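Trainee: Questions regarding the structure given below will be posed in turn.
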């Protein structure tokens, strides 16, 4: 909504925007701020000096820099962050950069105590706000394609600076007002900062600890990414962007601006694919002004306005009439549309340029329409559309490459609008949120009709995809985008897909002619029935369409009763599928022939007489393997109340659809009758407006008509109260606008009166003759058809290593285990690393093994092709793109800087050019570079704890390596290498031999496109193996054999635990216990040692942290404490043992279990029963025994893939454990005896590493490295709640008092989190930086 709260009518509100957008403006004023306050739905931040808002859960994730975030926090001190903020003393008096993500419109020590101002914030989705941001972005970043879906608005109104007020001084009256707007879509994020001309009265704040020194720190304005982690052990300052540096630059905030409007600042702050740093709007860009548009002037993508002098207060006189200058008819460019309008993009792609003035004289050749006395002019001649050079977006899966932009003639034939009735073309003469329709075209932005007698308009394309013959899309490169039942045809400007005979669709999606069609979908939304809001939460929608007569049956299940009755009049929900698969009259096409299976259908219904408004967005998401259309439906708004038990009747009606490239529109009015015992028969109506956006191929001849009429008959509507199912049934027919009212003969195929089978196609003949033909995949005489079993009859095209699965009208090839489908053929999945366990493989042996085609896993970039070779593969970018095959950019793009040798080394290991930014491999060493891109003299390996010095080329300096925990070498001093005694050379390991054989096979020159096994410094397999710098990774054991269930293409790498300890370094520390101070302590496992961290209440006493037990040669993973015998128990992954030790000074470890273990991880002690339980992720089983090792037994050894954490609730005698199987993660439970096994949590989890039991709340809680959430749930599966959704990489978790403590692989530390507030309270980072594993609480007495 553009209205100022104090403005009268819609005209001033639009003038505000026009004045801001295109006129010479002295400064932003308060009325120019986006609407804010509680009446606009804002939340208000609590008063105080250092407050942080409740988490603002984003309905769709936001990209800040290159990272995706799902939550925002608004803080008192003028900042917005993607994580809960630390105490202000950790950042408010410091300069940039901060160590956490920050969006800072005015970072200073602000205080709203005692009513000194207010801070408002909200999530915004209204079209008015989003369009306002989009237009400013498009104005300030020419050629940008940005259609925001969500925005967050935060406003600091009349806030004061923090002051130390004494009895002799009064608080200052200086206050500030400013606003930040963060808007984003699926790809990009932008931030608007607004500073009214009277909004900044102080420009900095004094530090609280200034010690009576008159020091004032200027406010910081800008953006910080926060600390960036190259690997789990290494952190560095992330990128940041600063706007201010001193008081004058702070004053510039309202005096200058980077958009040409003083006080208005705009920045691009994130991108999904690649983002280096914040990009400001062009600071030197002139404020746009305009005069009359010359007749021969080229059309632009931004409307021009007359240069007008504005009074000081344009709102003082509501009769002010400042309008843009009229354009003559010849200046109107034709409607222009993008070549591929992606489904899911709203009609904001169409932006009207509204003009007024004297009615021009039009050439006689122009077509006219006069719905309200004026002329509607749609130019039909070709126009030259100059474009700004566009920045091609990085191509991802399913994306089309963007060719070199150039000017091109786009002839566009005007639609024949002569048959439109005036009621279909009535525009809305007001500015309001929602859908707005102008002259039959729908747009999602405010529309200002300046003169009802003139409906002259033109459409400007925000982003036009251009084509060049040098770099065009061809079938040779993109044939795979066509349906398997279609073919590809090259045209002069590109290619198009078409369906084979016997199939219909748009070529990208083809269905067999005559076969019935099914639709499956999910419905979500919030609808108010009268004054009662009702939520639709992921309810099922199913539709079945009989193609022979165009009858569509739609059913929505589990619809709550109030809304079930109220939605009965909304037959358009099911009517969409009737339009898609309508019975076609000669020379006309149903919707699926035009849109295929990817489109978005926008519907708005306005009910009369109550003016309730309902919007429905239905998004088609392609076809399933069974050819079912998948839909996603969102419903929002309000509907009139319908009396329970009533029936709804609708008479047959007709709708006119207008067809443009990529957009289809329709507008109509529907009447319906509600019949009930209480009120009898009552007739109501609603106005229906529809837009359908889809991807249109304009390279070939246009085959769709300009307009068609959909006739709907035999409308049946019912809500089943008992089954809670809402049903619609409608017969649909698509044909010309004017049907012959008295046709001589109507063929039964077109009338739907034939007797063909529901799986047959009716083929019309002469007169009333017709023939029935079974659809493709069916057999019979047409009146009776049955499915052809292609599998049984040998008609399937499946190859070896696959089995055929019959489907109705089709079949599917299902590959056997260990094989993947590639172009209709099952080929072996890449398992080269698993053929070598325990063996020494030379190159000759490798050649004997059957080669695996790694290309079947699609490791290359979307714009690259894969070449398989013996023992490896190679990725090469396609023509028109350049890169290493894993990352391909259009040749028109500016390739990133090559960087220094260190930067290239680092980026090649951590995937710096990947679509989601840096993705360091867990457990692998990545070099650290300094600010100038050179190797840092001291390099450390976070997983092993070893450090060493390197020369300028990154090579290790001999004699500088130090073991974990030892002081690192001073790299500035020269090292005198000792003459080592002659040693027997260490024999090559399996990993090294395999790697050497592949290097030899690559002729000594392996590149980043080749797979090489990763070995550590001792020659052992690194636990995490990946193909080059891709996200295709898996875990391996010490023999290099893949751990089943760990393979992943996810950006979050699998949490692989090493099974081989670092090499022995002497002298060894004593393996005996150094007990912690008395009281309660946290005990944590850190590879070769167990650490102790005392607690004072719930606060970690980090200065008293110590090493409880040094266990060189071990990898301690699982850990638990028995309060009865005061002993700590742990699993040793390296020694394959389970051990314990008393917390007494000098106590030594004792091995309890030393046989039959492969990969023991999680461990739980039941003090009440003197039992312990553990998981073994090698054989995938859960075992138990007495605390002394007796009575060992297997509880479970089936249906486990990657068991990790295990806990026991002694009070109830219940076990709980996690299984982080990448395909089906879960949390299960059973009794301690192994009975009553059941799944507690299956949905909404990714990598549930950590598990604990909260005894006070009697809930199971887990931390998930995949979803980044800490959640809790009752043992019976109810009451699930999210405690925190912004974790990094949790591994283990324990509950104590009102806190959770977890070990984190990103921070390499222990993180404390308040259970009640969900906020982080502290963190402990040990001096020795390496992975922390298990964590538990050791208390002096049993809790």
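Backbone N, Cα and C define each Cβ position, glycine as well.
Predicted automatically and left uncurated, TrEMBL annotations should be read as such.
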Trainee: Can you identify, from 1046-1070, 1071-1095, 1096-1120, 1121-1145, the stretch that TrEMBL calls region 'Disordered'?
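Mentor: When 1046-1070, 1071-1095, 1096-1120, 1121-1145 are checked in TrEMBL, region 'Disordered' belongs to 1046-1070.
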Trainee: For the region 'Disordered' entry in TrEMBL, name the matching range from 927-957, 958-988, 989-1019.
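Mentor: Of 927-957, 958-988, 989-1019, TrEMBL gives region 'Disordered' for 958-988.
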Trainee: With TrEMBL as the source, which of 899-918, 1159-1178, 1179-1198 is set down as region 'Disordered'?
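Mentor: Going through 899-918, 1159-1178, 1179-1198 one by one, TrEMBL flags 899-918 as region 'Disordered'.
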Trainee: Report the member of 940, 947, 1026 (the disulfide-bonded residues) whose C-beta atom has the most other C-beta atoms within 10 angstroms.
Mentor: 1026
Trainee: Express the predicted model's confidence over the domain 'EGF-like' (745-786) as a mean pLDDT, rounded to an integer.
Mentor: 80
Trainee: I need the CA-to-CA distance for residue 947 (disulfide bond) versus residue 1026 (disulfide bond), whole Å please.
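Mentor: Taking the Cα atoms only, residue 947 (disulfide bond) lies 24 Å from residue 1026 (disulfide bond).
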Trainee: I need the CA-to-CA distance for residue 1033 (disulfide bond) versus residue 940 (disulfide bond), whole Å please.
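Mentor: Roughly 23 Å, rounded to the nearest whole number.
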Trainee: Cα-Cα separation of residue 940 (disulfide bond) and residue 1026 (disulfide bond), in Å?
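Mentor: Each residue's Cα considered, residue 940 (disulfide bond) and residue 1026 (disulfide bond) end up 21 Å apart.
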